[in-house]
């Protein structure tokens with residue numbers, strides 16, 4: 001098996017072997033570009049997961065012991081000394097659950113997670129399971145240490161464990177997210193050799209789904225065409241490919257795969273048509289009017305084809321159409337479509353109602369929007385923060401202080417809905433611009449007490465607003481609070497505060513602030529170094 005591993009890493013991946021003790025992370029992998037389909041229409045909500053599911057890992061759960069171990073390792077880790085000494089000195093014994101929960105808390109600190117795992121392997125009775133290895137493979141592969149991931153997979157046998165399809169699918173997902181599609185396909189081919197079982201249709205479905213999710217639909221289509229004989233094509237596989245082509249804007253190819261599916265005797269279902277409908281509608285240009293009319297005609301053709309096959313459009317189908325009307329600012333058409341849904345016995349969801357409320361608010365029809373809101377609550381559907389944000393944005397545009405405050409306080413007093421951080425940011429920005437500092441303070445304190453925020457955007461907006469009003473001391477206070485919480489300020493925030501303090505002859509304040517920044521620079525590492533400020537001349 002060792003020779004098999006050397007051949008794989010040297011010939012296929014081309015990565016040098018690294019020792020576990022000396023391994024250094026090279027940074028986070030590129031963030032995944034999520035599907036453009038809304039949560040209500042997301043493909044995974046309708047298609048059952050494959051038999052081996054890489055998402056089926058231990059979940060983060062409350063654990064004081066795991067919190068303590070993770071904090072100990074994060075605060076006392078020394079790269080020049082073995083971590084084992086810290087654990088032994090504190091008399092900590094690792095159980096399987098404690099190891100899993102601690103690894104989950106160290107998922108963004110892969111080097112420390114790997115050192116903890118190495119310590120666990122040296123215990124008299126190692127608390128290791130396949131799930132432990134799967135967790136660590138996911139952690140190290142996320143930072144693109146694929147050679148280390150392969151070492152972990154191959155050493156499982158020495159602990160009486162065997163890699164499963166799930167182990168490989170975790171690695172495959174990380175390879176694809178980094179753009180290493182060829183290596184991912186080769187890893188898929190190695191499942192049968194190293195696991196000892198044949199890959200299933202569920203595994204193949206996952207490979208296609210992941211390729212499409214990250215935008216590699218052409219690779220997915222090539223893999224599907226070459227290997228379809230080994231796996232019996234079904235509606236799930238075709239739906240994934242239709243989704244993939246829609247994701248990159250190739251509606252013509254999506255329709256071609258739909259026709260191919262029908263010609264092969266595979267009946268599309270409502271999910272397949274919703275994916276196609278979403279592709280046609282979601283990012284279509286709706287202005288001028290001719291483009292909107294063309295999009296609606298194309299959408300109606302999909303509705304007609306569904307009905308001709310005996311498939312009734314569901315709430316997702318109507319929600320997609322309503323989203324188009326909302327984007328095109330067609331309030332009456334939105335209300336008519338909502339009425340049609342109800343007449344067909346289809347119950348609108350919170351997302352459906354929110355699309356119509358958003359359309360009514362953006363068109364200035366606040367009274368109609370409020371009436372629909374009460375109707376929604378009467379139907380037993382609780383509005384979301386996004387629903388209320390539609391009102392707050394319209395109040396902001398109108399500079400309607402009373403309307404915004406009345407709705408905000410009603411939300412709090414009647415526990416209608418927990419405001420999101422975006423809700424708080426909209427309100428803070430609105431009242432900052434209107435110079436209502438006492439209301440800003442109230443909302444800011446509410447946000448902190450709720451635990452929802454503040455986030456980086458909250459601090460950035462508040463600091464810039466205070467700088468515009470030349471409230472330098474308050475701006476500095478929130479700036480220090482921001483960096484103490486671990487938020488790396490944007491460069492423009494640095495420069496705005498720096499220029500303002502110098503121009504206001506507050507050089508001593510700037511020096512104190514700069515000293516604090518230097519103390520916190522270790523938190524931000526190399527990113528902080530790009531924010532060197534040149535001497536400023538007034």
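Cβ from N, Cα, C; glycine included.
Because TrEMBL annotations are produced automatically, they should be read as predictions rather than curated entries.
Among the features that TrEMBL reports, repeat 'PPR' is placed at 129-163 (among others).
Here TrEMBL flags 234-268 (among others) as repeat 'PPR'. Note on the repeat 'PPR' (234-268): residues 35-37, 43, 47, 201, 204-205, 208-209, 211-212, 215, 217, 220-221, 224, 275-276, 278-280, 283, 309, 311 of its chain, located 6 or more positions outside it, place their CB under 8 angstroms from a CB of the stretch.
Residues or ranges marked as repeat 'PPR' in TrEMBL: 314-348 (among others). In the predicted structure, the repeat 'PPR' (314-348) carries a mean pLDDT of 93.
Under 8 Å from some Cβ of the repeat 'PPR' (349-383) lie the Cβ atoms of residues 38-40, 315, 318-319, 322-323, 325-326, 329-331, 334-335, 338, 341, 390-391, 393-394, 416-417, all in the same chain and six or more residues away from its ends. The repeat 'PPR' feature in TrEMBL is assigned to 349-383 (among others).
Here the repeat 'PPR' (384-418) has Cβ contacts under 8 Å with residues 350, 353-354, 357-358, 361-362, 364, 366, 369-370, 373, 376, 426-427, 429-431, 434, 436, 439, 443, 446, 450, 452 of the same chain, all six or more residues outside its ends. Here TrEMBL flags 384-418 (among others) as repeat 'PPR'.
The repeat 'PPR' feature in TrEMBL is assigned to 420-454 (among others). Outside the repeat 'PPR' (420-454) by six or more residues, the chain places 385-386, 388-389, 392-393, 395-396, 399, 401, 404-405, 408, 412, 461-462, 465-466, 469 with a CB less than 8 A from a CB of the stretch.
Shown for the repeat 'PPR' (455-489): DSSP residue counts in helix, strand and coil, namely 26 helix, 0 strand, 9 coil. Per TrEMBL, the feature repeat 'PPR' maps to 455-489 (among others).
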The repeat 'PPR' (420-454), counted residue by residue under DSSP: helix, strand, coil:
27 helix, 0 strand, 8 coil
DSSP residue counts for the repeat 'PPR' (349-383), split into helix, strand and coil:
26 helix, 0 strand, 9 coil
